[in-house]
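Got a structure here, written out as structure tokens. Questions coming.
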């Protein structure tokens, strides 16, 4: 007998249950994204700077400028009095002019620069390349329209101030749009034309200066170096404003005089155009010499100094963000990444017990997967590696991958030639009669005619080239005549630009003086000459960020020798040394 199994016993079976336990598999969270923790704090700091460091200071400057100009227009303190001088800054008309000046002259420039601010610099090695690269950007096309419009709005505000406030003084500003003449009521006022044209010219000069200085790109300041005082910065901006305005106004006076003395008389020589220009500008042809405008109308030239817009944002010292610094590691925006590594550099270089405790917690992080140090080391080494490859390519983009070679197509197999069928009788033909054979020989498709035709074709195909060139081609004189007719039909408008430039340069070289040609060649050489420092900057455009990354890695590595209790940094030290030495000896 076999033993009975426990499972074979009758009765209900007891289900098997697992023992209850409080332990459960918990997933380790990842590092929080920078867009949720770090970047909102940075944007809040930047928003505070924009409101209280840029908007507020520019509004106060516009208010002081408006008060000064209105007070000068009313005759000064001696004419207005101390009571009127103290009440002038808070008058509704003064505040309205200040608001209009700030909204139309300052705010559009600041907003345009904020919208199109870029971290990537202009990779150009010469002023010519920088100018042409800037023209291809969308920000330049908007600035070309916005800057002259803002300058014209400032000129309109100046005309309004002149008509409303300078009437209190004894001097007539004479800034009406048309001259006060009953005989010629549509003659344009030369003062207003000069004022408007000077505003547009200074706006274009300011735009050119911004393009050459690459103002739409962030220029990171070194926080470790000593910063100039506020007074020195104000004096520098004031001196730059005066120099740029004086040079721009002087150049505009010369161009305005040449336009009135040379360009306008040439326009009157063209057909039909004088009938349109004469009712508005005929008095400019017989007026006094325009190049003496600076000495004869000094007060008018002075207005262009105050009407010109030259506002520039000035960087302020960074306020350290001490909370949620772990989220700075995962930042992917290049602009935010610079602030993140600047904060990490401050954490790594600070010598205090609190900073040492924060670094120890940073190295011993086990709450995230991957840990904060692993994420930082990977991102930093990846950034240095990408920029090192860019340095080896001398700033050039990654070349496109080579196109794969086209697969060779297999030659199609020719079908086997089928065996031809014999469609004639297989039996031996009976011999034809002699009379029948003679008729077949003399027939048109007989053997004799076929042999003669094949012999003639063979002789024609083997005819030497000497005998084939008996027919002479068209005479060269006829070909030249046809080409001349084609050139005359084409016309000068379809000639290539290079031919036009060659002819124009030949005419200029023949008639222009040698001194002027030498000066032009010198300016062209300066305009097109490559700068060595620009070539170096183009090879490593993110050098400020790379320096911050290298400083962070080196400082944290040095701090880990005494503060890293688990040795998590030791496995990455060889790669850090390799990355730093590669940058140091990169060629």
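Heads up, the Cβ atoms here are built off N, Cα and C, so glycines get one too.
Heads up, TrEMBL stuff is auto-annotated, nobody curated it.
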In TrEMBL, one of 27-49, 50-72, 119-141 is tagged transmembrane segment. Which stretch would that be?
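Checked against TrEMBL: transmembrane segment maps to 50-72.
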Labelled transmembrane segment by TrEMBL, one stretch among 170-191, 192-213. Can you tell me which?
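In TrEMBL, the transmembrane segment feature sits at 192-213.
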Which residues of the chain, 6 or more past the ends of the transmembrane segment (92-112), have a CB below 8 A from one of its CBs?
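Non-local partners: 54-55, 58-59, 62-63, 65-67, 70, 139, 142-143, 146-147, 149-151, 153-154, 157, 160-161, 164-165, 309, 311, 313.
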